[in-house]
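Visitor: Per TrEMBL, region 'Disordered' is recorded for 179-215. Among the features that TrEMBL reports, transmembrane segment is placed at 27-44, 50-74, 121-138.
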Amino acid sequence: MNMEDLESREPDRVIELDLRRVMKQSLWLTGGGAAVLYLVSFLVRGELSVSVSFGGFMLGLLLFAVGYVVLIVLHEACHLLGFRVFGGVPFKKMAYGVNLEMGIAYATTEIPLRNRPMRRALLIPLWLTGVLPGIIGIWLDSHLLILLSAFLIGGAAGDLEMDRRLKELPDDWLIRDDPEKPKLYAYDPQGMAAIPDEPERTEDGPDENGTTHKS
């Protein structure tokens, strides 16, 4: 099934995110992620050390803002990496940008992926930009990295919700990403077999035996 086939038929399933619900999930994941990371840090080190000064707080706030923007960019870049590594998509068939109206960054591909590679591409940013900075933060005893990790884990709420919905579908289904909205179109690869080809039409039309001929 090629791209032309997909565009000529309706998707068998449309997966669209409820952004309000995802935002609530993101808050829970951020808070829960921070709690778990600090608990692990306490268990590893036996204590939690916090020292606050006005200058240190302002510097930390600036570093957090810069780090958050950098990790958001890397988050979307990881999606592109996933499309390439797991789906074999050429980089020239991918797109990256920011939807100012919805206030979200996006990474997309015009080539559909099988369900399993798409799910892997969805979740790779969670591990590389969410969990990994948290592990490094615990190792270095860095509050900055731990908090960035928690926020990036929360930022993966939409990816986790998409993955949860895709789990309901067979691995061989084709998944096409919407280039502008947080929406996926799912296609059963066996569906094309159920669509009969249209008979060739001519100016003379079918004869009385139901066949067509040219004059």
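Every residue, even glycine, has its Cβ placed from backbone N, Cα and C.
Show me how these features fit into the structure around them.
Guide: Below 8 angstroms of C-beta separation, residues 130, 134, 137-138, 141, 146-147, 149-151, 153-154, 156-157, 160 of the same chain, each at least six residues beyond the ends of the transmembrane segment (27-44), sit close to that stretch.
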Visitor: How about long-range neighbours of the transmembrane segment (50-74): same chain, 6 or more residues beyond its ends, C-beta under 8 Å?
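Guide: Distant contacts of the transmembrane segment (50-74): 105, 125, 128-129, 133, 143-144, 147-148, 151-152, 155.
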